[in-house]
Structure formats: structure tokens, C-alpha cells
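TrEMBL has this to say about the protein:
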type	residues	note
DOMAIN	213-309	domain 'PH'
REGION	319-348	region 'Disordered'
COMPBIAS	328-348	compositional bias 'Basic and acidic residues'
REGION	549-619	region 'Disordered'
COMPBIAS	560-571	compositional bias 'Polar residues'
COMPBIAS	590-606	compositional bias 'Basic and acidic residues'
Amino acid sequence: MDLRSELLKSIWYGFTALDLEKSGKVSKSQLKVLSHNLCTVLSIPHDPVALEEHFRDDDDGPVSSQGYMPYLNKYILDKVVEGSFNKENVDELCWTLTAKKNYQPDRSSSSVLPDRDAFRLWCLFNFLSEDKYPLVMVPDEVEYLLKKICMAMSIEFNCVELDDFFSQDSGQQSGITVWVFLQMMNSGKITRGIDKSIISMAIEEVYREIVGDVLKEGYLWKKGQLRRNWKERWFTLRPSNLSYYTGEDRKDCQGNIVLDGNCCVEVLPDRDGKRCMFCLKTLSKTYEMSASDTKQRQEWTAAIQTAIRLHVESKNSLHKDLKLKRREQREQREKRRQAKEEEMQRLRALQEEKERKLAELELLKEAQKQAQVLMEQDEQRRRQQHEQLQHALEIQLREAEEARVSMQAEMALKEEEAERQRKRIQELEEMQKRLEEALQQEIKARLDEEGFRYAQARLLAEEEEKMKALMTLQEEQEEYILKTQREKQELKQEMEVKSRALDEAQRQLEEVRANRHRVDQDVVAAQRKLRQASTNVKHWNVQMNRLMRPIGPGEKRPSLGSSYQTFQIPTQRDPGLRLRRRSGSEDQSEESKENVDNGAECDKERRHSHASNGDMDIP
């Protein structure tokens, strides 16, 4: 907090004191008086017409604080020089203005503080208040100030009274005004049973420490620089200097030691009849001092070191630095509190979600129990059905077992009969295999014959096509001959091409004839195979007829090792055998007719091919 901010806090009280109607505006005449008094206490020249010139364009009405601030900054605060005035005079001026309007204590009460103490508390309030308007002091700073006052009075601070005071009004948790603070101090709750003189001394000590930047005060013995004798002096330590006076009233200043980064403090051993000695070393001199006891020496050395540290860190006030640190701590606590609240909200949301899921889980468990009951009922029902089916199957198995026993007896009889039939079937199957082999050979021979015939027909068709092409070429050749002599030279080349084509066709015709001759030979060989296959079929038909005689009851089948000559020929009286012989003879006659027809057709085709070859006229 800089000097301008400190001055503005006091001036704000002075401006609001002049606003009697609480409208936020003050008349120009009152502002002239206020500005003149401020210039006087701040030791700066005052221009009586500056205010009128600054508000020349306005009407003659009152001026708000926002309208007065530019003038205050330009003509007063910008001209302030630190150290050229006494700030306590500025505070007294502003306190005088605001106290008349706002501070009206009950004078009849014995606990009311003197005006001087109220002024010092007002200054302490301004120093510790937040940099926001209207000015308020947060509860933490109130507690800090009251603790400092109680410590100066050597009593213990009771936080209960303060907590009760803030709990009475929830709106005071964000901060209290200076008038509420003074009313609390005048109520005697904090200073109950303490003499007013002690309270005044304590307030003055805290005032000098916080507002006056006095780090420590007290009597010390100092050794002279010239006479080297010891004298008792009253020392006052501030961040920038260490002053000493002849008495506690601080009227006769005997010296001022300027503190900087080159200074240091050291503890000295006892000598010259003095104890608890220490020295303060500067670049030019060394000051030897003696405290009353070891505790005082330790406090003085620590305070001097603190003052040197503040000077090195370019800090003018210890309590300003402490105030900023406390403010940062409050902000951090507020952030942590907000974070904690957010975390608590998140935890509550998670807890609600957990409870909801637990409720859903309970519902699922209940549904699972119901499903389990239904499953047990279904299982019991299926078990009963299974038992009924098993009982029915046992009955059916007993009936099937009885049927199986009866069927086994029948099967034994059937198997004996089947064994006899199986042997006979095996013999017939062997005979059938032989017949099938002969039949396959005959079929193969016929297929070969058909293939040869198809090849022969294809060659004849090709020969006919070649003949047609040859006749066409002959006709074209005759037409070319009849053309005019004029085209003769042009047609010679075509004649040569046609001649070559004719030669090629003749060569292909010769090849076709040679192929036909080979096909004729293959047909003859196929016919020879066909005749041989028909002979084999006839032979096996005879053998089959011999074996077709049925076996009568009580007859013995001849052994397999015996020859076919011992096989008895059935009599002519058997109608089945007569029918088979008749059918065999008919098959033989049909085959012989078919062979004769095939031979005739082959001869006819051969004669036709010879005739066609004989009739062909090759040019």
C-alpha cells in the first residue's frame, strides 16, 4: 500500500463527512475549504482558483466524489512529496471532519474511550482495512488488531467475545466499518475490567508500531563516541533508522543512525561492568549498547536485523508487508475453502450417485431373487416332466425288449432261409458279372463302330464340300477365260492364285481319300470284333440256360469243383426252361439278322464310295 492509497483512505472519510444529505455529492464551497486544508497539512501551495477552473463547464450544483478525484489527483496528490509533511496531521484533519458526523459515543458510559484513543484506532482501522470503498476491515484483521492491543496490555485475548459479536449479524462476516469497530471497543466487551490508562498506553504502543513503523522502543545504555562513557537513552527503531533521545517523551533527539545493507549487528561479551552488550556496525562508526537483560538484547538484535532486511528488500514498512502476506494467506485460504467446497459438492454428488447405484443394485438383487425362484419352479417342473418321460420310456423299453425276444426267434429262422438264398445269389452274381463283362465288350465294340461311322460320315461331308468348292472354282475359271483381252493381264495373277488353291484342294482331297481308306479298315476290324463278341454272348447264354434250373427241396447242389459236363440238362417239360430257350433263340436270330443287315449296309456304302470315286472327274 503506497502513500497515495493511505492518503485517499483518510480523504474519503473527509469527503463523505461533508456529504450531509448522503447523496454522494458535496458543494464546491465545502470542497474549496477541504482542498485548502489538505494543501496546508500536506505542505503544498494551494491555488484558490484551480477548483473553479477545473469545474468551469459544470453548473453551480454539488460535485460527486468521481468528479472531485481528477482535481484531487492533479492539483494535490501529484504534488505531495514524501517526508515533507506529517501524515498524522492529515489523519487528524480528516478525523475531525468525519468524527463530528459519524462518531457520537455515549459519554455517560465509563467504558467509552478518549477521543485520542478513538483517533488512533481509526488510523489503525484505515491501515488494516481492505483497499475497497466503502472501507471495511475483515474479521481476521480485527482479530489481529485486538490481539496486538491485548498483548500490549499483557493480557490474553478472548476470541469468544469476538465470535459472539460477529455471529450476531451474518452480514458482518465480510467485514465491519470503523464506526462499528469503535462501538465494539466502547462497549467494554474486549477491555472489561482494565484501567483506561493501560488501554490508552496499549493503543498508543500499537499505533506507533503499526502506523508509525516503530519496530521497537525502549531504554538502552549507549557508549559515547568521544568521552567513551555510558549513558541511558530512549531508542526508537524504524525500518530506515535508529533514533535515540534523552527521555521517553522523545523531545530531545540526541542522534539518528541510518540503517542500510552495509550495517550489521553483533553480540559482544560483557566488559566495563556492563552486561548483555551488542554493537551496531555501519560503514563509518560502531555503536556499542547494553540491554537490561538477555531477552531484551535478543529482541533488539532481532529487530535491528529485521530493519536491515527490510531496507535491503526495499520495503518501507514491516506491517505493510505483513498485511500483504496475511491478505495472500486469506486469499489462499479462500481458494482452499472454495476448492474444498467444490470437492465436497463433488463428493456429495458421488455419494448420491453411489446411493442411486446401491438402490439400483438392491432392485437388481430383488429381481435376481425373483428370477431365482422362477428358475427353481421351472427346474422342479422340468424334473417332474423328466421323471414322467423316464417312466414312460421304461414301459416302452420293456415292451420293446419283449418284442425283441420274439423277433430274435423269427430272425433266426429267417437267417437260415436267407443263408440258403445268399449262397444261391452269390452264384447268380458271379454269373451276372461274367455276362456284364461280355456285354461291356459288345457295347464298347458298338461304340467304336459308331465312332468310325461318324468319322467316315464327317470325311464324306468334307469331301462333298471340297467337291462343291472345286466346281465353283472351275466355273469362276471359265468366266475369267471369257472376259475381254483387256482384262487378261489383270486376271493372270488371279488365275495363278486360283490354280494354287485348286492344287491345294486336290491335295486335301487325296488326304481325305487316304483317311477314308483307313476308316474303312477300322470299320472292318470293328465288325470282326462285333462278330467275336456276339459269339461270346451266345456261348454264355448257353451256359446261363444250363444254370437256370431251380433247386428243388431235398436236392443236392453239385460241388464247385465238378465240370459242366456233369450238369443235368432239364427236360423239355419244364415250361420256364422252354420259355428261356425260345427267348434265347429269338435273340440269336435277331443278332444274326442285325449282323447281316450291318454287313449289307457296309457293302452298300463301300460300293457307293467306289462308285463316287469312279464318277469323280478331276480336271
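Cβ coordinates come from backbone N, Cα and C, glycine included.
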Open item on the list: So if I exclude everything within five residues of the ends of the compositional bias 'Basic and acidic residues' (328-348), which remaining residues of that chain have a CB under 8 angstroms from its CBs? That is, six or more out.
Closed with: 138, 140
- [ ] For the domain 'PH' (213-309), give the DSSP counts of helix residues, strand residues and coil residues.
- [x] 16 helix, 44 strand, 37 coil
TODO: For the compositional bias 'Basic and acidic residues' (328-348), jot down how many residues DSSP puts in helix, in strand and in coil.
DONE: 21 helix, 0 strand, 0 coil
TODO: Restricting attention to the domain 'PH' (213-309), give the mean pLDDT.
DONE: 90
